[in-house]
Amino acid sequence: MSPENWTHVTGFVLLGFPRSHILQFLLFLALMAAYAVTATGNLLIIGLSWTNRHLHTQMYFFLRHLSFLELLLVSVVVPKMLVVILTGDHSISFATCIIQSYFYFLLGTTDFFLLAVMSLDRYLAICRPLHYETLMNGRVCSQLVLASWLAGFLWVLCPTILVANLPFCGPNGIDHFFCDSWPLLRLSCGDTRLLELVAFVLSTSVLLGSLALTSVSYACILATVFRAPTPAERKKAFSTCASHLTVVIIVYGSSIFLYIRMSEAQSTLLHKGASVLSCIITPLLNPFIFSLRNNKVKQALRDALMWHRTMAARTMRVTSKRKYWIKRLKMYAICKNVFEVQISPTTPCTFLN
């Protein structure tokens with residue numbers, strides 16, 4: 001089709017949802033539960049690491065930002081899926097689709113950089129403990145987090161602008177549950193070979209580059225851990241990075257499957273499954289991975305629950321005293337007005353009983 005015959009597409013249709021009403025209902029319940037648990041868990045990690053003074057360390061500073069990033073990532077995808085299932089309207093405007101795609105890849109790319117920064121932090125903590133506080137002070141931590149967000153912002157900005165300027169003349173059905181880049185590129189009427197090459201190079205470089213830094217960091221960590229003189233010291237050293245390593249394996253495994261091993265013969269169902277693992281399951285598991293395997297987080301949670309119980313008990317005691325004195329004042333008023341006797345509020349009005 002010649003460019004002069006192109007028609008501008010103003011919206012797309014998300015086709016990656018089951019057609020059965022029963023399956024849609026079950027999917028809605030599963031997504032609602034997953035989103036609620038993800039939001040609660042990540043907000044809990046953010047709140048505990050922010051308020052508990054024992055968690056005011058470099059590792060939990062990065063963990064707080066990782067939880068915030070994961071919360072944003074799942075919020076970019078899941079609410080729109082819930083709206084689609086609830087209303088039955090599978091359409092999404094062109095601008096909303098581009099914005100969703102941009103924020104999804106922005107947060108995903110920032111996630112890779114932040115995981116690499118966290119691996120570097122663990123390397124310095126275990127392999128360079130004497131210089132750790134100097135090399136990874138508060139200012140450096142803030143700069144590394146800011147650099148991760150800035151790198152993610154710039155990394156996906158150019159490809160997103162190019163995708164937004166592509167001609168789309170129909171069909172407009174995206175065989176996915178959100179505006180992923182690869183299904184979107186297949187709908188364009190223009191030549192997308194250069195853009196696909198640029199997107200492939202950028203996604204490959206950020207994945208393999210951050211994975212290389214993470215792998216080197218953990219290779220040095222494992223070498224240091226195995227040289228520890230006692231099993232207890234080896235277990236203690238490895239336990240500080242086991243949670244982070246688990247998240248790294250899940251995130252990079254699903255992402256490499258999605259954006260490195262791309263082919264036409266790849267199963268669409270497996271592609272959607274890897275997307276669910278990347279943008280829904282991983283943010284859901286992160287709070288459990290970091291809390292269930294971390295004694296400091298569990299202790300902070302116990303302290304928070306104990307504090308709330310103490311405050312609740314204190315509030316009940318204050319309320320009981322308040323009710324008691326209100327009752328005494330009422331009795332005093334009755335005694336004074338009805339029986340016209342001069343007594344103080346602290347004197348028991350026994351003749352009313």
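Backbone N, Cα and C atoms are what each Cβ position is placed from, and that goes for glycine too.
Just so you know, TrEMBL annotations never went through curation; they're auto-generated.
These figures come from a predicted structure and were not determined experimentally.
Feature annotation from TrEMBL assigns transmembrane segment to 22-50, 62-82, 102-124, 144-168, 197-225, 237-260, 272-292. Sequence annotations record features per position, and here TrEMBL assigns domain 'G-protein coupled receptors family 1 profile' to 41-290.
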What parts of the chain pack near the transmembrane segment (62-82), using Cβ distances under 8 Å and only residues at least 6 beyond its ends? 17, 28, 31-32, 34-35, 38-39, 42-43, 45-46, 49-50, 92, 100, 103-104, 107-108, 110-111, 114-115, 117-118, 121, 141, 145, 177-178, 279-280, 282-284, 286-287, 290
If you average per-residue pLDDT over the domain 'G-protein coupled receptors family 1 profile' (41-290), what number do you get? 85
